């Protein structure tokens, strides 16, 4: 019982440290739709780009159908040797509840701390979110089943964010090759993001 109690306390301390990494601010690692500044700023107006970063020994995956995006949403899954690229954002602590509400309102995600490596090689502790119900890794060569595919809208938002952030070209190409379910998101989210995006670089 004591070991469990100590573990819980240490977890709380770690989360607190990440939230207070700088006075009044915290660092957040985005890897999905929040790569796009316009998307992140809908609920988190204080967000300021900090750096591109990579999360080692995790893979990008998708699971759980979302009514807004009309397809599966992104998650990170522990997978030795794999890398997920994303952005580090600095947010005011006042936006923490907004970010939590955006990511955890449906009970799909949970917050966690991860160590990411910035573009200049610095390791930084940051807050991120992972699906509670993470998908199993598919056998090599097997195509993502339709129920686990993102919508066209959702994937294009991720790609637009990756391009905006200057993520590595090979990672952007990887994103473009992720199969979609052929659907588009709700009119509300499309209008808020200015979709379809006026650029040929988003062709998928």
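Cβ coordinates come from backbone N, Cα and C, glycine included.
The active site, proton acceptor feature in TrEMBL is assigned to 103. The substrate binding site annotation in TrEMBL covers 28, 29, 30, 31, 32, 33, 154. Under the heading signal peptide, TrEMBL lists 1-18.
In the three-state DSSP scheme, residue 33 (substrate binding site) falls into the helix class. The residue listed as 'active site, proton acceptor' is 11 Å away from residue 30 (substrate binding site) when you measure Cα to Cα. Secondary structure at residue 154 (substrate binding site), as computed by DSSP, is helix. In this structure the C-alpha atoms belonging to residue 32 (substrate binding site) and residue 103 (active site, proton acceptor) are separated by 11 Å.
Within 10 Å of the C-beta of residue 28 (substrate binding site) we count 27 further C-beta atoms, all protein chains included.
For the pair residue 29 (substrate binding site) and residue 103 (active site, proton acceptor), the C-alpha distance works out to 13 angstrom.
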